[in-house]
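Among the features that TrEMBL reports, divalent metal cation 1 binding site is placed at 5, 7, 103, 213. Marked as divalent metal cation 2 binding site by TrEMBL: 139, 163.
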Ligand SMILES: [Zn+2]
């Protein structure tokens, strides 16, 4: 099983030891995980937290909360510099491989910044991903229309992932048409998640991913506890029952999808 989205640094901030949990997760059947960035300058610290694991990859991006800043292009230029430094160190074997730009996107649930500023910050990061030949990891909250507006103007060349997909089938269809992968998190298992489940019932198997978004959003029956990558198994099992797909088939299909989107060997 693979957790395509977790946050080692936030886990540690919440008093959860990411190394300990990853060790346990790999012993329990996790084969790969992607540590996702939200902040400028967090790559070195996150790399240190996951350094001992060969199959933990990195992403780096600026969360929509940065969209209120004065000079968005220079922020993204700083992000680019940090990614290039990371990639150089990674080639020397000193840092885990970086496989995506993100998470970035639009969040209209919180009052981060104007929609237009959030769209600009997202588009700058899609540009960056295109320059680096990487996919993007997209965060979307209450922002379907403004997000589609950006994608129609500028759809990422190497594709991307709608992380923690929480919208309905219509939004999903539009994103699939643009080439995106759909990643389901623990909220798929929540009692009131009919809308998400209606998407999960229709998602094509070759565009499907799973994630924990650790330390947030623990799936049932772990809801309310801090999440960690091993809990992705609950979301896999839930989906396997929902779609009547055998677990082995689901696991190998999702692994193939992960390899495709992140260009893993
Ligand atoms: Zn996240």
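Think of each number as a place in line: the chain as shown, counted from 1.
Backbone N, Cα and C define each Cβ position, glycine as well.
From a predicted model like this one, the values you see are computed outputs, not experimental measurements.
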Using the CB centroid of 5, 7, 103, 213 as the divalent metal cation 1 site centre, which other residues of the same chain sit with their CB within 8 A?
6, 36, 38, 137, 139, 163, 164, 211, 212, 214, 216
I want to check the contact list for residue 163 (divalent metal cation 2 binding site): same chain, sequence separation of six or more, C-beta distance under 8 angstroms. What comes out?
4, 5, 36, 102, 103, 137, 138, 139, 183, 185, 211, 213
Report the same-chain neighbours of residue 7 (divalent metal cation 1 binding site): residues 6+ apart in sequence with Cβ closer than 8 Å to its Cβ, ordered by sequence.
35, 36, 38, 213, 214, 215, 216
